[in-house]
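Record features, source TrEMBL:
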| type | residues | note |
| --- | --- | --- |
| REGION | 1-29 | region 'Disordered' |
| COMPBIAS | 10-19 | compositional bias 'Polar residues' |
| DOMAIN | 28-202 | domain 'Josephin' |
| ACT_SITE | Cys41 | active site |
| ACT_SITE | His151 | active site |
| ACT_SITE | Asp166 | active site |
Amino acid sequence: MESETKSDANQEQEGSSTMVGGGGGNNNNKVYHERQRLQFCLLHALNNLMQEKESFTRAELDGIAENLVRTDPNKDQWTPLSSIFKPHHNVFTGNYDVNVLITALESRKKKVVWHDHRKGASSIDLDAEAFFGLMINVPVRRFRGLWTGRHWVAIRSINGTWFNLDSDFSAPKEFQDKEKLVAFLDGILGQGGEVMKVLQDE
């Protein structure tokens, strides 16, 4: 983590960040939360999941995406627009895909396991020793429904409390208990969202 404050230009590119206190002002309960900018929700979600400013950077995710492109066996199927709307990200707005997510987390000794959407969220062992957090991918509508897409969100337990760290939120939202979290995840699965478990892989 860098000690210097990011420039305004970088904050515009990558979103703003805040530390939110909790637990009666106990510093040990502070929650790191990055806000949304453009389509960099995966970047923000990863940093929110890791609870560290610039745990991942746009340059690193771009590099991962470019490396995936170089090793893509389907390069012959590209069109002229592929130079902008690349298979794994948009060079201007971000919009990284799940392959970038998996590769990025593997570089931090994490493993991503897809949750079978046919099973309820109650089948997820939130107390497993290797359990680190959740990444969810949800369908979203913006601009009064004129644009539809997908949105990455991190969910993590911090000092025993589960938080929804959605970068679209002005601040993290606390789940009252695990039952509320499970109900939320079931709602996500019911709306066509995807739930991915992030596990320690050391």
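Residue numbering: from 1, along the chain as shown.
Cβ atoms here come from the backbone N, Cα and C positions, even for glycine.
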Integer average pLDDT (0 to 100) for the domain 'Josephin' (28-202): 84
Other CB atoms within 10 A, centred on Cys41 (active site): 28
Cβ-Cβ distance under 8 Å to Asp166 (active site), same chain, at least six residues away: His151, Val153, Ala154, Lys173
Protein Cβ atoms within 10 Å of His151 (active site), excluding its own: 19
